[in-house]
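The following features are taken from Swiss-Prot:
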BINDING   Leu75, Cys76, His77, Met113, Glu114  substrate binding site
ACT_SITE  Asp128  active site
Amino acid sequence: MTTFTHINSQGEANMVDVSAKAETVREARAEAIVTMSKETLSMIVEGKHHKGDVFATARIAGIQAAKRTWELIPLCHPLLLSKVEVNLEPLLETNQVRIQSLCKLTGKTGVEMEALTAASVAALTIYDMCKAVQKDIVIEHVRLLEKSGGKSGHFIAEEK
């Protein structure tokens, strides 16, 4: 059975020692879905939101969040990310925005939390910028899509 890596033999939370691990190329992709009204999505897509470019702001927020994950999530290592990408895709038929993030580095620990944080904060930024026009926006399906590198190998999430 696999054990929790952040719990020591006394049952206490601690930061994992990665000093003996080999550096490998590591990559992770994550996504979040933001559901809103047709009117709110149209306002964003048509560039008519009074706060400015919602997608550009959410993209930058997601990138910044990935870089600061270690400050937000206890026990995460500070990482020297080599790439962070955040893409936002309006899904007009379902009144949703699909956010997908990619994080990459060559290092001793994975970038799953950075990718998940990027997608999550981009989604939260959309909510923040749009809450004045719609309070019941829903953020859902935040999940890891894929990870590679490291001893646990390659993971690809099942399609939803």
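Cβ coordinates come from backbone N, Cα and C, glycine included.
This view paints the features noted in Swiss-Prot onto the structure.
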{"residue": "Leu75", "record": "substrate binding site", "CB count, 10 Å": "12"}
{"residue": "Cys76", "record": "substrate binding site", "CB count, 10 Å": "19"}
{"residue": "His77", "record": "substrate binding site", "CB count, 10 Å": "14"}
{"residue": "Met113", "record": "substrate binding site", "CB count, 10 Å": "22"}
{"residue": "Glu114", "record": "substrate binding site", "CB count, 10 Å": "28"}
{"residue": "Asp128", "record": "active site", "CB count, 10 Å": "16"}
Fill in the blank from the handout: Quick note, His77 (substrate binding site) and Asp128 (active site): C-alpha atoms separated, nearest Å, by 28
Fill in the blank from the handout: Between the two most distant Cα atoms of the substrate-binding residues Leu75, Cys76, His77, Met113, Glu114, the distance in Å is 13
Fill in the blank from the handout: Around the recorded substrate site (Leu75, Cys76, His77, Met113, Glu114), other residues with Cβ within 8 Å of the Cβ centre, ordered by sequence, are Thr69, Trp70, Ile73, Leu79, Thr109
Practice task
Tell me whether Leu75 (substrate binding site) sits in a helix, a strand or coil according to DSSP.
Solution key: coil
Completion exercise
Rounding to whole Å, the Cα atoms of Met113 (substrate binding site) and the residue listed as 'active site' are apart by 22
Problem - the residue listed as 'active site' and Leu75 (substrate binding site), distance between Cα atoms, whole Å - result: 27
